[in-house]
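As written in TrEMBL, here are the features:
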TRANSMEM  21-45  transmembrane segment
DOMAIN    24-297  domain 'Cation efflux protein transmembrane'
TRANSMEM  51-70  transmembrane segment
TRANSMEM  91-117  transmembrane segment
TRANSMEM  129-148  transmembrane segment
COMPBIAS  151-168  compositional bias 'Basic residues'
REGION    151-194  region 'Disordered'
COMPBIAS  169-183  compositional bias 'Basic and acidic residues'
TRANSMEM  238-262  transmembrane segment
DOMAIN    301-346  domain 'Cation efflux protein cytoplasmic'
Amino acid sequence: MKHSNRSGALDGHRDDARRKLVWSCCFAAAFMIAEFVGGFIAGSLAIMTDAAHMLTDVISFGLSLGAMYLSKHPATLTMTYGYKRAEVLGALGSILFLWILTSILVYAAILRIIAIAKNQEDEKVDGRLMFILAAIGLLVNIVQMKILGHGHSHSHGHNHGHNHGHGHEHHEHEDDSDQDGHSHGSNANGSLYNNEKSQDVNIEQVIEVVEATPKASYHDMEETETKKKVFENLNVHAAYIHVLGDLLQSLGVLIAGALIWAFPSWQLLDPIMTLVFSVIVCYTTTQVCKTSIHVLMEGAPREFDVQEVEAKLLEFTFVQEVHDLRIWSLGSNGDALSVHIILSNSKVTTDGDGRHRHSGIAWDGNDVQICYGLALRQIESALKEAYAFQFTTIQLEDDDYLCMPYTNTAQV
């Protein structure tokens, strides 16, 4: 049995994120009720705006918790990657809901400004109550930020997975539970690899394969410091951004309340602060929205340099060309890679001693599959050392087995 250190780290990260959201949701719900009541009594639109913002926090926390629960469900025949992107959808949904509610409050603030300008606004804001509520809100926001932290968790790249290798094509993925390692082989033409023959391979053949990899480039890959992949949960990050917006808003309400308390005629400050808060809310949530859309659009994760990954693969002497390299995010804590690799000098020739030779790698005629398998494992090992992919699909090709480009022949 192989224990997955990385999956354990992910589980711990999810549990930690869930606890943070639950506690933050409780604090937000309690203060939201108090703020709605207090804002109504004080007649302050700014406090009502802050309470509405807090309501979106409560709703977004609920959406995030539900999304995180769904993301733990295993893969199915119809949802082959599971529900990992439920977290992304939850974060995006909460941001969009916040923008809609903010737009409504902007409209209300504009109406109040017009009414005050025309001396048609009879309701007066209680600056003292507004100040007290804002001060309490500021304390609540500080407690929430302390609970949420800034949600950074690091993985150190200990990938032990459940592997499936099919001839030139290899799929590797990492489950969230302990798995036995399995590998199954077939060559490009469909003939099955004989397991009994693999047991008869002598050690010289294996050494030749290993030595065919240039020591400089291969060891450089092995010694590459594992990138500390940041599994930052988008929902916790979105919640943190919400609370940060609340804190700035509470600070603004505090200042406005103090001024209105000192100068009761400055009623215009209340709707003006609402407009300022709305701009802050939109600004602080834009990046989370962009990140969520980037994931849903299958964009390459920003922490990966695709050209750098391609260059790493081309450092192997037996790699002639890399194409169809794709890297994408499954969610906030899982990335995938697929790539096609053409082997150099791939046609098999026979030399004087009756042995076959492939790009400097020698083997007996019955052991072709072993060489492809070792090359595949070397590539996979290098990727694991440098990156923290949860799923990898590697297809090896030669001159006689090149994949054909897809052509859509469907009739419209």
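Using N, Cα and C of the backbone, Cβ positions are placed for all residues, glycine too.
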Task: Composition by DSSP (helix, strand, coil) of residues within the domain 'Cation efflux protein cytoplasmic' (301-346) - done: 9 helix, 23 strand, 14 coil
Task: Beyond the flanks of the transmembrane segment (51-70) by 6 or more, those residues with Cβ under 8 Å of it - done: 14, 17-18, 21-22, 24-25, 28-29, 31-32, 35-36, 39, 83, 86-91, 93-95, 97-98, 101-102, 105, 137, 233, 235-236, 238-239, 242-243, 245-246, 249, 277, 281
Task: Contact set, same chain, for the transmembrane segment (129-148): CB under 8 Å, 6 or more residues outside the stretch - done: 20, 23-24, 27-28, 31, 34-35, 38-39, 41-42, 44, 46-47, 50, 54, 236, 239-240, 243-244, 246-247, 250-251, 253-254, 256-258, 260-261, 270
Task: Overall pLDDT for the domain 'Cation efflux protein cytoplasmic' (301-346), taken as the rounded mean - done: 83
